[in-house]
Each structure stands twice: as C-alpha cells, then as structure tokens.
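Under the heading active site, proton acceptor, Swiss-Prot lists Asp182. Residues or ranges marked as compositional bias 'Polar residues' by Swiss-Prot: 668-685. Per Swiss-Prot, the feature domain 'Protein kinase' maps to 55-347. Taken from Swiss-Prot, the feature phosphoserine covers Ser685, and the record attributes it to similarity to another entry. Look at Swiss-Prot and you will find Thr698 tagged as phosphothreonine, backed by similarity to another entry. Taken from Swiss-Prot, the feature region 'Disordered' applies to 1-27, 402-708. Annotation source Swiss-Prot lists region 'Required for cytoplasmic targeting' at 2-77, citing similarity to another entry. Taken from Swiss-Prot, the feature region 'Required for binding to MAP2K5' applies to 78-139. Here Swiss-Prot flags 140-406 as region 'Necessary for oligomerization'. Look at Swiss-Prot and you will find 407-781 tagged as region 'May not be required for kinase activity', backed by similarity to another entry. The motif 'Nuclear localization signal' annotation in Swiss-Prot covers 505-539 and rests on similarity to another entry.
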Amino acid sequence: MAEPLKEDDGEDGSGEPPGPVKAEPAGTAASVAAKNLALLKARSFDVTFDVGDEYEIIETIGNGAYGVVSSARRRLTGQQVAIKKIPNAFDVVTNAKRTLRELKILKHFKHDNIIAIKDILRPTVPYGEFKSVYVVLDLMESDLHQIIHSSQPLTLEHVRYFLYQLLRGLKYMHSAQVIHRDLKPSNLLVNENCELKIGDFGMARGLCTSPAEHQYFMTEYVATRWYRAPELMLSLHEYTQAIDLWSVGCIFGEMLARRQLFPGKNYVHQLQLIMTVLGTPSPAVIQAVGAERVRAYIQSLPPRQPVPWETVYPGADRQALSLLGRMLRFEPSARVSAAAALRHPFLAKYHDPDDEPDCAPPFDFAFDREALTRERIKEAIVAEIEDFHARREGIRQQIRFQPSLQPVASEPGCPDVEMPSPWAPSGDCAMESPPPAPLPCPGPAPDTIDLTLQPPPPASEPAPPKKEGAISDNTKAALKAALLKSLRSRLRDGPSAPLEAPEPRKPVTAQERQREREEKRRRRQERAKEREKRRQERERKERGAGVSGGPSADPLAGLVLSDNDRSLLERWTRMAQPPAPAPATARPPSPPAGPATQPTGPLPQPACPPPAPAAGPAAPQTTAASGLLAPQPLVPPPGLPGPSALSVLPYFPSGPPPPDPGGAPQPSTSESPDVTLVTQQLSKSQVEDPLPPVFSGTPKGSGAGYGVGFDLEEFLNQSFDMGVADGPQDGQADSASLSASLLADWLEGHGMNPADIESLQREIQMDSPMLLADLPDLQEP
C-alpha cells in the first residue's frame, strides 16, 4: 500500500479540508483505506451474468460504481447487444432511485440518437431474493472520448456529423422537458459507422418551475466539472436546458482541438479558465450570483476581455467557431437552443426539419420528487419491468392477430332492370311516366318520333325487322348473371368492412419511421462502402499505371464516370483531337461556317509526289445541326511520309478568316490540357454521399456511456502519488476527481462509519461535493 498522500489543495486551493476531519494515525488510516478499497473493488468487479439461455455473454465492456456492462449475442437471431447488470440494485436508496429514473426515461424515449432499451430481463428468482437488474441496450463499440483521444483520424466532417447527431438527440430530449445534466464525451456512444447515441440518464432532471425546486435540481449533482455550466458553479438559480448546451459547446471545442477546453483542477481554477476565454461576466450575471462572497470575489478580479475564438482555435472553420461562440456564453438565455443550433449554416449539410422529431408527451418527474423507501423503489422497478413486457406482448399480439370484424348485414339485391336496346323499336319501350301533352304544330313533321304509347299491332301484321347491333335476350341474361355473381362474390369475400364506410388510414407509427430511418442508414452505409471500394480500386489502378507507364500514364485511369459523363467526355475528346493529315491533292478544309474565299495562287507543293488521282479523298463533311467540323480520317498511301512532313495551311488572301456566326468551337491542333479537369468536374455530377468516412477501427469504449459510473478499474490502477496539481492527462480520463457522495452512498449499506469513508476519500483523492459559495476562502492559487 502506498504511503498516504498529504492533503491536496482541495477545492478552494487553501490546503484546508472541506470539513472537520478526525485525526487518525497513518497506519490506521491506511488499513481502513485498504479494507475499503478491497471491498469496493470486489463489489464493482462482480462480472457474473445470469442471463439464462436467451443471450450468450461475449466479453466485458466496462465496469463502474453502479454496475457492469458486457457485450452479448442473442442466440435466436444472432444480434449483438449490450447487457448492463446492476448488482445489489436496492441496497442504497440513491442508486436504486437512479436505476428507476433511467428505466423510466429510456422507456419513454424512442430516438435514433438516444440509447434504447431492447429488453429488461425478468427476475428468475422469488421477489424476496431479487437483487440484480439486467437491462439489454444497443451495442456501441466505443465512445466519443476514446475517439477524440486516440490516433483515429477525426476530420471536420466527422466533427460536423457527430455534433449534428448530438444536437438532434438533444432537441428530442429537451422537447420532453428533460435536462441530461451530465453530457461529456464518454457518455456519447459511437460505433464504426459514426453513429452517435446519448447515454447515461441517471443524472437527468426535469425543468425547475419554482424556486423551491432548485434544491431538488442540485441533488446528487456530481457531474464532471470540465463540462459544467457557469450557472451551476455560481448558483445563478437559472437551471434551464441551456445547461446542456454549455456541455455541448465544451464537447464541440474538444473535438476541434482534440483536447479539453476548460480542464479545471478545482472550482476556482475552473472559473478562472472560463473567464480567461470568455472574459469577465456582465454586471447582470455578477448581480445574479447567489452568494455574496462569490460575487465579491469575481468583482475583485481584474477585468478581462474575451478572447476571439479564432485565437483559441487558429485555422478552424469559421462557421464552426461561429456556432461554438453561440453555445459558450455566460448568460444562459443568450445561448443558442438545440433547435436553433440545428439550423446553423455549419450543419446545413445534414439539417432536415422533417427528420428532427420532438417528443410528446413530456416526461413526468413526479415520482422523483417523492421520498421513496428502498422497498417502494424495488416495487416500482419490478412494475416497470412487467410493464415493459406487457407492452411488448401487446404489440406482438397486434402484429400476429388482426381484430375480428363483424360482417355487414346483407342488403336485398337490386331489382333487375331490363334496359332496352337503343335500336329496339319504340313499341318495346314501356314508359311508366304520364305522356306529355301534345304541342300544337301546323302539321306532322316527317322526322318526329312519337313517344306516346301506341296500341300493340294486330297479330296479323309482321314484326318490325330487328336492327343490326341490337342487344339480344341471351346477352342480357349473361350480363345479368355476371353482375349478380360479382355482387355475391363481393358480399362473400369482403364482409370485414362496410362498403359505404371505408377503413380510415392508420397513422404512421414510430416503429415504421424507425424502420424507414434504419433502411436509409443501411443505404448510406452501402454507399459509403461502395465509395471506399471505388477509392481503393482507383488508387490501385493509379499505382499500377504509374509503375507501367511512368509520368505519361493515363491520369484518368480508375476514374468512375456515369454514362452521361462518358458521352460528354467522348464528345470533348473528339473536339480536342487535331485534324487528320491530308495528302497533297487534298484541298485545305474550309471554315466550319461562312463562305471562305478560294485562293487564286497555286498551293504550296508538298515535298513528295502526289498519289494517284483515282484514290482521292472526299471533302470533309460538316454537320449542319451542330455546326462542328468533323473531318473524315484520311489514310495516306504507304509511300507518303508521316504527318510531320506535311504542311498544308488554309489560304485567305483577303484577310483573316471570317468569324463563325454560330460560335461553334474550333478543333484544336494539339491535345487539350483541360481534358483531365473537365473530366473531374463531370465526375462530380454524380450524387455524393454526405456522410463522413467510416472508421477503419474504433477503440474499445469504457462503458461509461451505459451509466455504470466512474471506471473503478482504471481509477484504482492509477498511481496514488499522482496529485491533482499535476493536472489532468489527455486520453486517460475525461473527468476530474469525482464526488465522495457516490462512494458514501455506495457503501451506505455496509455499516461504515463516516471516519472510514473520510479516510478512504482522502486516500483515493475524491473531493466532497460543494458549490463555490461554500468555499471558506477564495484565493487565486
């Protein structure tokens, strides 16, 4: 056991402990600390999982003061998940209430960027023996803290995409009136596809609606100091969703520089770092400070001017710094909201108002304000587990079995109406309406049709001849039978819904939208993989072309073009090709448009005799539609020299050639140097995947994002002689010393007296939770 350290500077930098400490011999304190550390380590490293036959445990992801997280595989489907075990979940009231709060919140939320509960294992033991809670969550390989402080490339596109997902999930959370209060990189889970999910809702609280709730809001507030908003440190009593936006700004700045923005060693140092960048708070903020001594301390400091963000992050994107400056402000009301941040130009590439939902209804924190005993909390957790399974079984029943629908009462069939043929004689059409009154007319018109009923003709008279095209009786009978059969078939096959009242369209459920988003994400992943494959293939071809052809290799080798781009490239290549060499007998090509003056003098003679006139080539053809000159390729006889020996030039004795009225481009006499540039521009017409490149390998996460608390294994393995004055080390932990109240609550059920806890607290360098107003002395270190 290492020799006990001397007391560090503490939160106030005065070297005095936060409160009265009982003086004990060094040997006694060391033995007590050793015993407590052994107990703490044994309890936290309990990794025995009893998950039955449904899941197969793969490996442990992380462990902490609240539980252990392991990756697992569901045997039925092969899906990989994360299982969080909370051992002895009901021993300490604070921890039990934290578990209940997190279960309720995660059951209420359904969002892509918030960790989701996939299952809660039912207890397999009697109620009296039920002690451990198993929660099945989404499996994420790493967290943002591991990504930032690793050798993994982190481009501006990665930063943009991570920030967008964080704000998208935060907008959904804030719409439910929930404040996370503990946002930090290790609580943001990330996978190899750059997907981000917010985790660890054990510290979440609702909005404060009255001054009486301020104390409730600060209960158990032991969040990481480096990401804590100024209103919490200065007791401004303005606890809104802007608290989370300050944390997001600190995370944003950490991603840009890959180092913490405000890594304070204690409360005073933290406040000094903030004022070094943001300057002295405004008089309104200073007057709102709740403690008189804190207000006097800030006023005694020399005034500071804010430092431009371009100086803090030289070379960073201007739009990124603009958004960062709107997040990190002393006044909570002056900070940008999550919804407004999503509309910032820096995130315009991903912003889609239709795909950034809100949460309805708001989450109810009424249960959290009640004074609950351990037994009542245990009953509430068991009720939450049963409610989760009841809802899931109800959804499955709705999917498997449709509700039985009562058939519609059969109505009497429509009477059969025999429609007369339009070509049938008027005597066959029986009119039931009264005959119209005859109109007075001077004489009978020869073409008038008498619609009045006429007496049937005598039997002796022959029947009028049947006109061509009339509907026969057999056809009428067949149509009547077909209509009757169709009506009976409809009544027999479709009794589930009334014909006159069609079933209303069902609203789109959250699960359907989730499936749509998963399908979109899958397509994006496929496009990203295809793009990566094309890039590797292009690099391979370029390397092969460079080896075989040297500097003269084709610069377009491996470039993938669409059909339209390839067609445009071929046209451009034809335009850029030099004209084919012509023999001496060939006349020079005329301009593409406009009459050219014929030369009056003799043409210059070539250096070789002309070929036979029988094989003379035809004149070049001009396409009228395009106005482009397309000379036919001419093959010189074998006896002629190459094209370099011929020099046939057009001759215009009256001056320069007339301009082309159509403005058509002239064919070039040499290879155009812009073909490569044009080709690359044409290739950009293809739709690009906006997502950043996937990670080739993600570092293993610590499991902190699953809400297991601080990592005891990493914490206890550190050397005890590493004082706080040495400063935090990047990449080792993303939090300063945590609160001793966590340890006190955790060991509450073991009968440890305050002296033992205080001794262990000093041994492992854990500070007591306090506000800046409680510090006995405020002096700059």
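Positions of Cβ are set from backbone N, Cα and C atoms, glycine also.
Neighbour count (other Cβ atoms within 10 Å of the Cβ, all protein chains): 24 for Asp182 (active site, proton acceptor). Helix, strand and coil counts from DSSP across the motif 'Nuclear localization signal' (505-539) read 30 helix, 0 strand, 5 coil.
The region 'Required for binding to MAP2K5' (78-139): residue composition by secondary structure is 19 helix, 17 strand, 26 coil, according to DSSP.
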